[in-house]
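As recorded in TrEMBL:
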DOMAIN    106-220  domain 'MotA/TolQ/ExbB proton channel'
TRANSMEM  7-28  transmembrane segment
TRANSMEM  34-56  transmembrane segment
TRANSMEM  154-175  transmembrane segment
TRANSMEM  187-205  transmembrane segment
Amino acid sequence: MRRFDALTPAGVIAGIILIAAAIVWNSGTEGFSFFFHLPSLLIVLGGVIAALTVTFPITELKRIFTVTLQAFKHKPADMKEIVSLFIKLSEIARREGLLSLERELEKISDPFMKKGVYLAIDGVESDTITDILQAEIQSLEERHKRNRRMIEKAGDYAPAWGMLGTLIGLVLMLQELNDPAAIGPNMAIALLTTFYGVLLANLLFNPIASKLAQKTEREIFVKQAMIDGVIGVHHGQNPRVLEEQLSVYLSENDRLIPEMKEEKLDGQA
């Protein structure tokens, strides 16, 4: 079950608050009006949308909002629980045979893990199981990478369109050099497009793309552990040996037995 990831919007809001605080610190609350210029914002956002439309087919662009929303969701995977489940499956398989695992399938909520166990029950060879599951991981990685590229490209395009907007503003400003009083305000407006481009790229687009990449890496890490678990069960490995093999996927704290955890905590106190 996916949960709302509060850290993503919290980071965006924190960045906005820091920028707002810097503006207020230097020019008071009236300084906010200097940093809002709708034409400059439209140049950056419109330019990014136009560039993305040229770069990607419409079938992929339709998914951009769905992909972006994934950065605001969190699907926790309890590795300790996964390892424990494989140990249990290993014990049952060694005691009653692989076919006895069929009744355990309904207790497995993860589709990837369930598919692996089902293939093992069905008598598919270990190498074939590994190939099938690895192909699924590669497909997932490529699909996520392709979706993520839209956000990454938006992060590349935003500063460039910001600079283009600044150049447009400078050209318009140079046409009014006969009015020295207008140079300062016009220059400020010209620079706002660069401000918007850099802000959107480094507070929204690039961080979201990085967040999605980290989520993909974590998902692949979990699935690799599941492959090792499925193959271990399929080979009829001793549950204790399988536990040792899968423990490499656990954090250091999760690897420690309760008594060792208490000793470690006492030593840190």
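Placement of Cβ uses the backbone N, Cα and C atoms for every residue, glycine included.
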So are the transmembrane segment (7-28) and the transmembrane segment (154-175) touching or not, going by 3+ C-beta pairs under 8 A with a sequence gap of 6 or more?
no
Can you name the far-off residues of the same chain, 6+ from the ends of the transmembrane segment (34-56), with a Cβ under 8 Å from a Cβ of it?
23, 27, 64, 150, 153-154, 157-158, 160-162, 164-165, 168-169, 188-189, 192-193, 195-197, 200
DSSP-wise, what's the residue breakdown of the domain 'MotA/TolQ/ExbB proton channel' (106-220) into helix, strand and coil?
103 helix, 0 strand, 12 coil
